[in-house]
Amino acid sequence: MLKCIPLWRCNRHVESVDKRHCSLTAVPDEIYRYNRSLEELLLDANQLRELPKPFFRLHNLRKLGLSDNEIQKLPPDVANFTQLVELDISRNDISEIPENIKFCQSLEIADFSGNPLTRLPDGFTQLRGLAHLSLNDVSLQSLPNDIGNLSNLVTLELRENLLKSLPSSLSFLVKLEQLDLGSNVLEVLPDTLGALPNLRELWLDRNQLSSLPPELGNLRQLVCLDVSENRLSELPTEISGLIALTDLLLSENLLEILPDSIGSLKKLSILKVNQNRLVHLTDSIGECENLTELMLTENLLQSLPRSLGKLKKLTNLNVDRNRLSSVPAELGGCVSLNVLSLRDNRLGKLPPELANATELHVLDVAGNRLQNLPFALANLNLKAMWLAENQSQPMLKFQTEDDEQTGEKVLTCYLLPQQPSSSLENLLERSVDEAWPTDTNLNRVSVIQFRDDSKHEEEDDETAADKRGLQRRATPHPSELKVMKNVIEARRNEAYTARPDEDLESPDAEEKRLSGLSNQSHDSQASSSTTSATSHEDKQGINSTGVELNDGQVQEEEDLDEMEVEYTEPTVHFAEEPIIRGGDEDDDYDNDDDDAERSDEVSQTPSFPAEKQRLIRKDTPHYKKHFKITKLPKPETVAALLQGFSHDGLSPTAHTPENERDGEDDEEEEEDEDEEDDLHTPFQHRLDAAELEDIRMSQMNSSLQPVKGVSFDQVNNLLIEPARIEEEELTLSILRQTGGLGISIAGGKGSTPYKGDDEGIFISRVSEEGPAARAGVKVGDKLLEVNGVDLHGAEHHTAVEALRNSGAAVVMTVLRERMVEPENAITTTPLRPEDDYFPRERRSSGLPFLLDPDCPAVSTGPAQRLATCLIRNDKGLGFSIAGGKGSTLYRVGDTGIFISRIAEGGAAHRDNILQVGDRVISINGVDMTEARHDQAVALLTGTSPTITLVVDREQSSVGGASPRTRPHSPPPPEPSDSPEQEDGGDEHLGNHLNCPMEDEYPIEEVTLIKAGGPLGLSIVGGSDHASHPFGINEPGVFISKVIPNGLASQSGLRVGDRILEVNSIDLRHATHQEAVRALLSNKQEIRMLVRRDPSPPGMQEIVIHKQPGEKLGISIRGGAKGHAGNPFDPTDEGIFISKVSSNGAAARDGRLRVGMRILEVGNNSLLGMTHTEAVRVLRASGDSLVMLICDGFDPKSASTIEASPGVIANPFAAGIVRKNSMESISSVDRDLSPEEIDIMQKEVEMVRETSQWEREEMEKVSLSSGPLKLDYKTLAALPTTSLQKVNRASPSEPFRIDSPVRDAAHSPHNSQSNIHFPSNANTKDNASTKPGAIQPLSRVRPPVSPASQDGHSSPNPFQHGLSPINSQTTDLYSPRNNVSAKQPSPETPSPLGRHSPEQRSFKDRQKYFEIDVKQQTPDKPKPRISLVGEDDLKKMKEEEAKRIEQRAREFMLDEDEEEEEEDLAKQVAHMKAHGKVVLDGVEYKVESLGSPTSRQCATPPNYSATPPSHCGSSGPSSIDGKGDSQRNSVEDSFRLEQRPNSMTGLIPVYPGESAAPIRTAKAERRHQDRLRMQSPELTVALDKELSPAEKRALEAEKRAMWRAARMKSLEQDALKAQMVIAKSKEGKKRGTLDQLSESPSPAPTPSPTPMEDISPRTVTSPGRLSPGAADDVHFMDESSSNAVSVIDPEVPVAATSALEEMALYSNKRKLRQGRRSLEAPVPT
């Protein structure tokens, strides 16, 4: 029998080892210790060179990973791996696969890729189980001819080999679904390839195929066919048979035509025919109704078929680099088309019908010959329109004009008409992309010249340049900018001398001017301006890195935080009538491209000859602003544009943190720095001197204007006269302080102008708190004089020196511009209200709103009209607006525009006139009473440095509070399907449905100044993320953690604050990632708008101090990505307290309760943490625990929900989800200190040695057949409450285990969940109680689980979750687990008082506890290490057998036998009738395993904590013999007194004291029978009459009386048995627990080895345990015994019920030896 006892250490039961990326040079020796259990070994990515002999003794390996090593040889011993299923030896140096691999018949997945193999062994094709074979990049030159024998292959990868042909037997692989033959040298394919009926993917790319076999058309299941990069000149017509084909890749072949049969591919979704020789595209392409992507790049197509218009699902059409001269009008029928690329063709015109493709977002027509664009394209929502190869912005501004030939209205811009691209001539030789210079060195070609291919040879260069040549510079390198600046200056001087007073040009000159304009690289520098479409070299020059005079202050990048009006409505605006500029304007235009944008400042010019008037573009948008071509704009928007919005990308006021230096010498390259700043500040503007010239020009020509101030053009574009700008000289005195003046300057003679062409010195930056700011210096002031030094016409360095040498007192004279109202304010109304539209994207203008507390309608009280003029500073205007037509109303019933917020410290705040709630009447003279919100935004974000506002203030207005008062922000609007709610960004921001709630929570603006460190906060929530416990009814982004003394904490932020905005970015509806990005933006200053939402209910911080050695005593449930801890909200990922132990610091503290939510532990926020992480944090908390908690859920309500019939309380337990329950509930009291662990390990070692001896003794004394009798000493010493019975399942309902389950093997939780160490264990005190295998029954009714209500196991045991007893009912190593059995819980008694063995004779009781120890013969016996010699063992067995038989005869002849058998027969019948039994005064409910109502697995009570699979466990079965590899079976088996045995079929109750004294077991039985006959419910009442102490005293008294009667008669036999055991112990070192073996174990019930880990655990939902259930687990008193269970590991689970077993014992039958099937009733 010793061969069945595993004598190796229990920690050697390991199933999986992962040693990847461990830099191993040899296989670790420890792995060989696991040779009997190891199933998965991963040694990938190490430096192994060889595999030693012992490695191949790991016979049970099922998965072996050795990839990415340096293994040079695979030994033939690999044949030992007969169980191997998955083998990965890819990327090694193995040159040959051994022939013996054919013996690995279990192999299903093999990867040999990346080895220098040249052939496969002959026996390789015998691996008939192989399903997935990878042989990529192994230099194979041929495949075995019999490869068809691998009939189960599903995937075959042969990429990057040297295969020239394929064997015909390949057609036998009928299960093959994926065949990859890419990157070989195949020249022809076998016809048999078409005989693979299940083939779904066929990869033949990068071969040398010149044709495809027609049989390929038989592949009816084929989904993807890739034959790109071959030599195909045609496709077979049979390709129409590929009816399931979705992807057809034909790139880089020699195809000239596609077969008409391609139209039969109805499921075709992607067709790529790029880089072929197609000259014609078949009309049948239109029949491919599911086609979404059609790539025809680089062919010879001259036209497209009209049938393309039938492709309603086509989203991407690319016909770049062909020879198209026209596009079919039917293309507009492609209603789903998103991207249309026609680059580098010969198109002269686009059809207007393209506008019908309403989903078109990107149109690329660069490199064509377009004269103009159809006017209908204005209706498209384009995001990108590419007209030139080096166009810097995706969108341009267009104007309308009449086509000279057709008279139709068309669109044009400065890039039209197009110049033909030279790449057309090189179409077949190279692509434009390849010709594009990619080098970054300074010698690269910086000029790209385009010439007309037909005429440039005949014309001289100058003529060609004037008429045809478009010379465009490539994007300059910063080092080139200085040189370019000088060139620009020369050009500017030439321009001034050439045309000083010219008023207008001839048409030829105009054309030359426009060509010259194009010559100056409008678009080559995308980064130099935020909003202009062109970028002149002088602007590029500005881009060189420079530094600012920063006075030691950190410069900050910020996007107009106070002025939160960010975007105008993204539209492209057109003026039908050209606006011609003459005179100085033309000089400006020619010399500075940005003036091309600013030309819109002129409202009307004198009438000029209109024969060839050219259009001037307006306001090209920056690609970041979501501008797109759309419907014609509202005239008010155009008014705003003409008013001053047209050049909003140039700001003098931005700051960057780069290149900071102290001292004024930083000013030298100030202009460069400022221009760079514009990249980050698209809405900070400046007024150019060019604008002044424009305005002066318009004033000079005012007599020529037919209408003063306003006019309309033919497309209803409202043209408004801009406000006048006056200049005034100011003298300011500054007292210098240490650190500088606090200003930066830009400009100067010879430097890039700061404004237009004005080469004066300008103030480009003013530090807020600096001396200059206090003296009144403002950004944009022109510096005329410093301390008497005249700076008119001075160079930059002269000004720097003047400022540097100015001393402590600086007197400077500046020229400042101010806005003057236009003479006639114009009221505008929408001319075509039907054109209202809302852009598709939500704009992020972030306008906060004030909400009146009572949401009043428009007040009719007296109004006070106020006017103010605000000067835009570096942070904008400093206020926000809300309301307007088409937007969310600021006040109910009032469509007006109101001041909704005033930024503290901003321009409006310092002006101290505007107040929150003021109604805006006009902006810069434009009436706003009936205006839309976006129109007001457009006016406010114009480039004008001053904004004149007229507002009305109601005397009783709530908004009339101090401007310092932080206005409230409304809650997010309700969901709506209306376009206003769906599309409008600004319109989203004020919803007043919840106005009363809004005022309850104050709103504050908090500014965080980054100092290089973190912000000190964490957030939770977002539109795509749960934000529990914050904002459950109103989702949003919340602060979930504030680090003490961090930046956020110092700024007053607290946990629970709702973040409404960050740097003007609205986060009310933002996703979590958007909020994170906003907070992590590269800004020095983070401005946050937060709403002080109330804290979650019950939020408090508690501090718990643990006493030395004391455990915290709580269990938790929930966590992210796991099972929800809140039974009322499945989306709640919070961490909740699921249990508070009665023994622990938490219970002593008294403030923690079940159901509470834990927000923080120490400084660690648990929000968003997984369950495992939360457990780890709690365990690492130390002796002093600081917790932030709040109310969670009501455990009483939760228990009612979970106990409801028909409700699956936990999907894991019900087998719905395969999940480890440890992820849902864990005790936090599991970590031990290293010292404690060391002590525990020593104890385990002792227990292990003892258990091995005990097993031997069990075999010696049992002889595998006879029942083992208990000696009287053991029976007398052990209290009867500690005796346990091994339950047997009834034969009629067999114990079922469907299949071995190993899922739990890899759970890190399982490895801990079953470790049960008793606290304060003192084995020395147990001398009076010989350690044995008797275990106290848990006096707790196990919680029922719905999992097993069907009475049988799930057909698929993998669907069962782990039974959670091990994880939820025990807090390991916790004192609360050692609850004394003297304290039964009053909650647990069950109304079941029944028979008690206390009335039986002692002999009968002893027979009742006899255990048959049966041998279970394994299929493949494994060698066991015997610690006892064979001779001694044989003698001991014989002696013990004689004694046992003698004792059996004596007991059979006992005088009371017949009477007891009669009583027992009655008792068995009664127990069967009532299903209950009383043992030792404890009543048990006997449940049959197979019954439909059974809710527990009736497994032996002291089996380990892993149940058979039918109990809902993913643990191992006893049949399989292989268990949870990471489970510590020592603790499972030997610390069972710690474990509640709630899985037994016996449910204890406690009968009360009877009225009359009972002194025998029979008398007690008779009394209980009487009680049952009278009133069964009395058992509960009687049980409650006695206190626990009284019950124990009564039971002890009865036991003492019953024991005394039989002690003498057994004394002799017991002594003899102990002598035999003592003899076997001689010479052996005895551990503390070696006394276990001194008496034969009275109840050697099986405590399995790890391979037979069947546990008594209830199948209870994790987290669904009733709150007190775990506390009601009672154990034997610590002083009574420290017993451990020791068993024969091969004992099968008996399949008879406890009732039948009692009958068996009474009849003295012996159960048949041998292995019993768990699938059928066990014969008796």
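Numbers run from 1 along the shown chain.
Cβ coordinates are placed from backbone N, Cα and C, and glycine is handled just like the others.
Taken from Swiss-Prot, the feature compositional bias 'Low complexity' applies to 518-534, 1507-1518. According to Swiss-Prot, the feature compositional bias 'Acidic residues' maps to 554-567, 584-598, 661-678, 1453-1463. Here Swiss-Prot flags 867-955 as domain 'PDZ 2', drawing on sequence analysis. As annotated by Swiss-Prot, phosphoserine applies to S1609, with the evidence given as experimental evidence. Feature annotation from Swiss-Prot assigns region 'Sufficient for targeting to adherens junction' to 1-821; the stated evidence is similarity to another entry. The repeat 'LRR 2' feature in Swiss-Prot is assigned to 35-58. The repeat 'LRR 3' annotation in Swiss-Prot covers 59-81. The repeat 'LRR 5' annotation in Swiss-Prot covers 107-127. Feature annotation from Swiss-Prot assigns repeat 'LRR 6' to 128-150. For 151-174, the entry in Swiss-Prot reads repeat 'LRR 7'. Residues or ranges marked as repeat 'LRR 8' by Swiss-Prot: 176-196. Annotation comment: Swiss-Prot describes 197-219 as repeat 'LRR 9'. The repeat 'LRR 11' annotation in Swiss-Prot covers 244-265. Here Swiss-Prot flags 312-334 as repeat 'LRR 14'. As annotated by Swiss-Prot, repeat 'LRR 15' applies to 336-357. Residues or ranges marked as repeat 'LRR 16' in Swiss-Prot: 359-380. As annotated by Swiss-Prot, repeat 'LRR 17' applies to 382-405.
Same-chain neighbours of the repeat 'LRR 5' (107-127): 67, 84-101, 133-144, 146-147, 149-150, 157, counting only residues six or more beyond its ends whose CB sits under 8 Å from a CB of the stretch. Shown for the repeat 'LRR 16' (359-380): DSSP residue counts in helix, strand and coil, namely 5 helix, 5 strand, 12 coil. Sequence-distant contacts of the repeat 'LRR 9' (197-219) (same chain, six or more residues past either end, CB-CB distance under 8 Å): 159, 174-191, 225-242, 244, 249.
Here the repeat 'LRR 5' (107-127) is broken down by DSSP into helix, strand and coil counts: 5 helix, 3 strand, 13 coil. If one looks beyond the repeat 'LRR 8' (176-196) by at least 6 residues along the same chain, the residues whose Cβ comes under 8 Å of a Cβ in the stretch are 136, 153-168, 170, 202-219, 226.
Beyond the repeat 'LRR 14' (312-334), the same-chain residues lying 6 or more positions past its ends with a Cβ under 8 Å from any Cβ of the stretch are 274, 289-306, 340-357, 359, 364, 423, 427, 431-432.
Mean pLDDT for the repeat 'LRR 17' (382-405) in this predicted model: 91. Secondary structure of the repeat 'LRR 3' (59-81), assigned with DSSP and counted as helix (H, G, I), strand (E, B) and coil, comes to 5 helix, 3 strand, 15 coil. Note on the repeat 'LRR 6' (128-150): residues 90, 105-120, 122, 156-167, 169-173, 175, 180 of its chain, located 6 or more positions outside it, place their CB under 8 angstroms from a CB of the stretch.
Across the repeat 'LRR 8' (176-196), DSSP helix (H, G, I), strand (E, B) and coil residues number 5 helix, 3 strand, 13 coil.
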